[in-house]
Amino acid sequence: MGKTYSSPINPIPKAPKGLAIHHWLNFLQAAYRLQPGPSEFDFHQLRKFLKLAIKTPVWLNPINYSVLAGLIPKNYPGRVHEIVAILIQETPAREAPPSAPLAEDPQKPPPYPEQAQEASQCLPILHPHGAPAAHRPWQMKDLQAIKQEVSSSAPGSPQFMQTIRLAVQQFDPTAKDLHDLLQYLCSSLVASLHHQQLETLIAQAETQGITGYNPLAGPLRIQANNPNQQGLRKEYQNLWLSAFSALPGNTKDPTWAAILQGPEEPFGSFVERLNVALDNGLPEGTPKDPILRSLAYSNANKECQKLLQARGQTNSPLGEMLRACQTWTPRDKNKILMVQPKKTPPPNQPCFRCGQVGHWSRDCKQPRPPPGPCPVCQDPTHWKRDCPQLKTDTRDSEDLLLDLPCEAPNVRERKNLLRGGGLASPRTILPLIPLSQQKQPTLHIQVSFSNTPPVSVQALLDTGADITVLPACLCPPDSNLQDTTVLGAGGPSTNKFKILPCPVHIHLPFRRQPVTLTACLIDINNQWTILGRDALQQCQSSLYLADQPSKVLPVLAPKLIGLEHLPPPPEVSQFPLNPERLQALTDLVSRALEAKHIEPYQGPGNNPIFPVKKPNGKWRFIHDLRATNSVTRDLASPSPGPPDLTSLPQGLPHLRTIDLTDAFFQIPLPTIFQPYFAFTLPQPNNYGPGTRYSWRVLPQGFKNSPTLFEQQLSHILTPVRKTFPNSLIIQYMDDILLASPAPGELAALTDKVTNALTKEGLPLSPEKTQATPGPIHFLGQVISQDCITYETLPSINVKSTWSLAELQSMLGELQWVSKGTPVLRSSLHQLYLALRGHRDPRDTIKLTSIQVQALRTIQKALTLNCRSRLVNQLPILALIMLRPTGTTAVLFQTKQKWPLVWLHTPHPATSLRPWGQLLANAVIILDKYSLQHYGQVCKSFHHNISNQALTYYLHTSDQSSVAILLQHSHRFHNLGAQPSGPWRSLLQMPQIFQNIDVLRPPFTISPVVINHAPCLFSDGSASKAAFIIWDRQVIHQQVLSLPSTCSAQAGELFGLLAGLQKSQPWVALNIFLDSKFLIGHLRRMALGAFPGPSTQCELHTQLLPLLQGKTVYVHHVRSHTLLQDPISRLNEATDALMLAPLLPLDPTTLHQLTHCNPYALRNHGATASEAHAIVQACHTCKVINPQGRLPQGYIRRGHAPNDIWQGDVTHLQYKRYKYCLLVWVDTYSGAVSVSCRRKETGSDCVASLLVAISILGKPQNINTDNGAAYLSQEFQQFCNSLAIKHSTHIPYNPTSSGLVERTNGILKTLISKYLLDNHHLPLETAVSKSLWTINHLNVLPSCQKTRWQLHQAQPLPPVPEDTLPPHTSPKWYYYKIPGLTNSRWSGPVQSLKEAAGAALIPVGGSYLWIPWRLLKRGICPRPESSAAVDPKTRDHQLHG
């Protein structure tokens, strides 16, 4: 079941939110009574169920556990049923509360009578995480329930996404179900936007590849509708959910001014979101508290605003506002299960609003009339909020139209802030103050005081100033200025500013009414006029920084370059350069500066630069951008790679190429990304600081530059492609090829493309333009009238000795020309084998004779390297040649001299490669390549597999490739039906028709059990292997020891091989294995497969001779099922042969492990003498053996478990650290609970008491010392909340708690023994072993029971009141009163009671506990007839 919480040092599971601590403790105590103990999964399911149950109306105080049990769904995971059943047994039944009386006011409509709920209901419980999902279509009630849950949330909000994600997890919907759900939940506009985003995400996912997706079976949406395609359906569901987060408006978080408190959001959570948003949104140095206090009231919901208004705390400190609103929680507004109200007849009286009969006034649709005339215009027909005089005059509001979008992205990294209740801020147009990037933010305003005309002045806008600042020249002469201290950027100032406590009127250009301030600061030096945040907030204005993009080139700047997440700019130092390189670099930088490719720059970031000399003697500028590339995100390229030029139809004979000059330098770079492309030009000999520059255009060396340029060039050429549909424009990077059917159309196309490129600022290079007639060199290939060849072919020297670098370089050149080289994969495979095991470039490789022959074959094939251009009217055919070394495929067309392409595919790196799977993969690869490059699929496939082998594979195989082969079976032809063509002789090569041995099945697999054959069971591990041969009885069994370097997989193979060797006399055999790997391996071998590389190649090759010609039945057996059928029992017997028997602990081993007492050893099989001898022989017990013990004394013991506890804190030194052990012991049973802490505080004491309660139960009384932690207010409040009575020991005597002190000694002794046995034992483990020994192993000699058995026993019987206490002889003591400095002894007096640490002495008419250190034994005072006192009874001191 998992890890249980029986260990006392494990933390208590945290209570669900909204559940009282005493209720949670009841559930914990019930859970700990389960047998076996509860697991983490049980607590997880209990918390999950309680979170949902809290939201239902049956959650009352006290809880009705019987009703709560009815809410648990059938087959609910975990053991929640058992926990609630225990609580039902322990809790007495309660009477139902009386119903509420009806309303007596005749003016009010009667309330809705509550209908009795027939059956308990609860909110729907979805599948837990990890439960298997079962698909079922939506029902109307399901859609209604989902819509009700998301009715108060916006699409894309966290609440909306959480509900939708759980619904998808529960129902496992198909693509059609998700479409229906979207149409039901969202508006048509949101559904349209979601559809666009979903199509974009699906296109990106299809290009990246999806597991199980077949491009030929239709779009992903069609394939996801199949309920059996669970993997594709899961991919579609994730894309469908991701489309919500990409909706416009959901990608940007709300600013701090737009964060609203949700209708069900706690006020504290709302204030926390505001605080985070202000930390991210306010400029540095801006005071946050005034804005936070203002928004905490203005953006709160109606309930919290009413509370603050009623208490007059709308502008109070934030702490008072939090305390005022802490009584309002969303529990008051939780959703409940609605009961259908009883229909009441409509009233006979007319409605006082509309005057009509038939409805109550509360249901009237007529708007409520105003209570009186409008206080503004005295019009009785409208409310004040609708008064026309309060409408904003828009005649002079040109600035309201300046809300233009900024093209530059925001620099600040935003954090995801939760929207309160899924609400969005209202769309209100605030006054905008346009600012400039080059100048300070200023505004022309007019300032006036009482009875003074307004004065025009230019003010500086400062959102960091709490209060407005005005110069002293504007202040009236008779103003009453007061001294004040101002805290600014330069520190506190006391003599520069005065405060004016009178109203100030500020007239703003975009506001008709002036802004009135109650006070402002006066600058006595007449230097500053600052419009502070008090004025800006009152006028509800918004500062707007207009973006002024610099126009560098006609080409638009890219929107995304991969650095939008704004990582820290790289700082790579510039390395030194010699004078020649430095001079060349200076010239190159000067040219780039003149061309306006770079500009001077002062800012962070640096990447090194250096020049490289070309073969013609010129220098090339290189910027090392590897550091920037490492933090740049890859962009999805619009093209999958270079095009296959054989797709250029022969019907387009007229060609022309266009070359672009410095193409990358034509795309402007946004200024926000300049730190990532900055560099430093050093001074000679470091005579001064270097000159800083940064790129203005897209530089070469940036990894996303090719992709960005392709996007820009494709945007320019798209309109031209639509204008000339009969022509082709092939674009790859900065290379462009034009193809047209006629010369006139080619000329027109060339002019159109040239004009479009020149208009966008992309310069052309006319001297590099090529045109037909004649060959065209493009992308390293030569385009002729009917064929495609490569410009250069590798020259191969047939020799036997190669260096690693030479062989790698030659194979790389062969890889480039392999699409046109007529050679099989086997020749290339031999050369790839020669590279294995070599890593040093200086290694010398000696080729074998077979590899040298492969070189000759490739050298001859290179002379025939040529490919045909596509003929649109002819179909495309494919040839597949499967070989043990790899697959060779050819695409060709009939009646053509050369094929279209040669494709070589290596086999996967697995131990067995089924040829059926390889054939299916080749079909998919060829169809995909043909569809991608030629726009059509292959008409037929010619392969080297016989029809007999293919038919047998389709009938007997259970591989997934069978469905693919059956789907394309109508296009299969073996090599007997050869296509026509001049290169037909190639198909008749002997090596193609060579028989493949692995295609012939070496043995036969029977679909059913063979009755007359014996059964073989085998298994293996890393150290042993075993097998059993059974035929009505065990015929043979054997265990094999394996080498130390053997793996578990090899051990299983060893066991099977040994069993097959013993089974040679039988022609048929039943094989039962618990290894899925071996079962699949045998089935693949029976169908035919190519062997692959494996660490157990030798073992795999031994299987074929042992199985040759046999008929076998293979069956997979699940291990460790404990079933009683013969197959499971024989498999368990095979496993048992490799395992040693599990023996119980003997008394000696038990004592070595736990150091328990002799009585515990006697309970585990040892005699009294043996137990005594074991303890005496233990070395650890001899070294650590406590001498002496404290006297028993008298303590207050409980008469039942959990009646009275004693608690104490003892200290333990462990590895240079001092730990506190918080010990709780039950005075009745002696059961102990311990918590290990680093501190001794009130919180630690509360936590330790919670741990003890969860294990031992809740006590009625606890007794501790008078330490500060136990007397803290937090601990006292916790005890009072659980109704636990707390008392302390005797004052001034910390040793008076005898039981817990003795327990401390026993605990420390055991821990010391465990640490002596193992110095590296963790302290938590030592504490757990000690508790196990004390509570469950050690036997108390007085009752012959363990402490835990005594803790579970019945309470002691009550003592009759007439029972007299035993008579004891009186004892007399001299004493000193604790706390007094008097050194004289008082007494003697007679003690009333004695305990382990003190005695109860009558002092001055009362009784005090006096510790032993302040007591001295005395004798009875001499009576009047005194006799000689016995000298033996003289005073003496006794220490307890």
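Including glycine, each Cβ sits where the backbone N, Cα and C put it.
What Swiss-Prot records for this protein:
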- 95-116: region 'Disordered' (REGION)
- 457-535: domain 'Peptidase A2' (DOMAIN)
- 593-783: domain 'Reverse transcriptase' (DOMAIN)
- ASP659, ASP734, ASP735: Mg(2+) 1 binding site (BINDING)
- 1010-1143: domain 'RNase H type-1' (DOMAIN)
- ASP1019, GLU1052, ASP1074, ASP1135: Mg(2+) 2 binding site (BINDING)
- 1197-1366: domain 'Integrase catalytic' (DOMAIN)
- ASP1208, ASP1265: Mg(2+) 3 binding site (BINDING)
- 1371-1420: DNA-binding region (DNA_BIND)
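DSSP classifies ASP734 (Mg(2+) 1 binding site) as coil under the three-state reduction. The most crowded of the binding-site residues listed here (ASP1135, ASP1208) is ASP1208, judged by how many other CB atoms sit within 10 Å of its own CB. Take the mean position of the Cβ atoms of ASP659, ASP734, ASP735, the recorded Mg(2+) 1 site; other residues of that chain with a Cβ within 8 Å of it are THR657, ILE658, LEU660, ALA663, MET733, ILE736. Take the binding-site residues ASP734, GLU1052, ASP1074: by the count of other Cβ atoms within 10 Å of each Cβ, the lowest one is ASP734.
The Mg(2+) 2 site is defined by ASP1019, GLU1052, ASP1074, ASP1135, and by the 8 Å test on Cβ atoms against their centroid, the other residues of the chain that qualify are SER1018, GLY1020, SER1021, ALA1026, GLY1055, LEU1073, SER1075, SER1119, ASN1131, THR1134. In this structure, the CA atom of ASP1135 (Mg(2+) 2 binding site) is 67 Å away from the CA atom of ASP734 (Mg(2+) 1 binding site). Put simply, GLU1052 (Mg(2+) 2 binding site) is 58 Å from ASP1208 (Mg(2+) 3 binding site) when counted between their Cα atoms.
The Cα atom of ASP735 (Mg(2+) 1 binding site) lies nearest to that of ASP1074, taking the binding-site residues ASP1019, ASP1074, ASP1265 as the candidates.
Ranking the binding-site residues ASP659, ASP734, ASP1265 by the distance of their Cα atoms from the Cα of GLU1052 (Mg(2+) 2 binding site) places ASP734 first. Close to ASP1019 (Mg(2+) 2 binding site) in the fold, though at least 6 residues off in sequence, lie ALA1025, ALA1026, PHE1027, GLU1052, GLY1055, LEU1073, ASP1074, SER1075, ASN1131, THR1134, ASP1135, MET1138, each with a CB less than 8 Å from its CB.
For the domain 'Peptidase A2' (457-535), DSSP puts the residue distribution at 6 helix, 33 strand, 40 coil. Look at ASP1074 (Mg(2+) 2 binding site): DSSP puts it in coil. Separation of the C-alpha atoms of ASP734 (Mg(2+) 1 binding site) and ASP1265 (Mg(2+) 3 binding site): 86 Å, rounded to the nearest whole number. Distance between Cα atoms for ASP1265 (Mg(2+) 3 binding site) and ASP659 (Mg(2+) 1 binding site): 93 Å, as a whole number. Between the binding-site residues ASP735, ASP1265, the minimum number of other C-beta atoms within 10 Å of a residue's C-beta occurs at ASP735. DSSP classifies ASP1265 (Mg(2+) 3 binding site) as coil under the three-state reduction. Averaged across the domain 'Reverse transcriptase' (593-783), the predicted model reaches a pLDDT of 86.
Under 8 Å, Cβ to Cβ, and six or more positions away along its own chain, ASP659 (Mg(2+) 1 binding site) finds ASP734, ASP735, ILE736, LEU764, SER765, LYS768, THR769.
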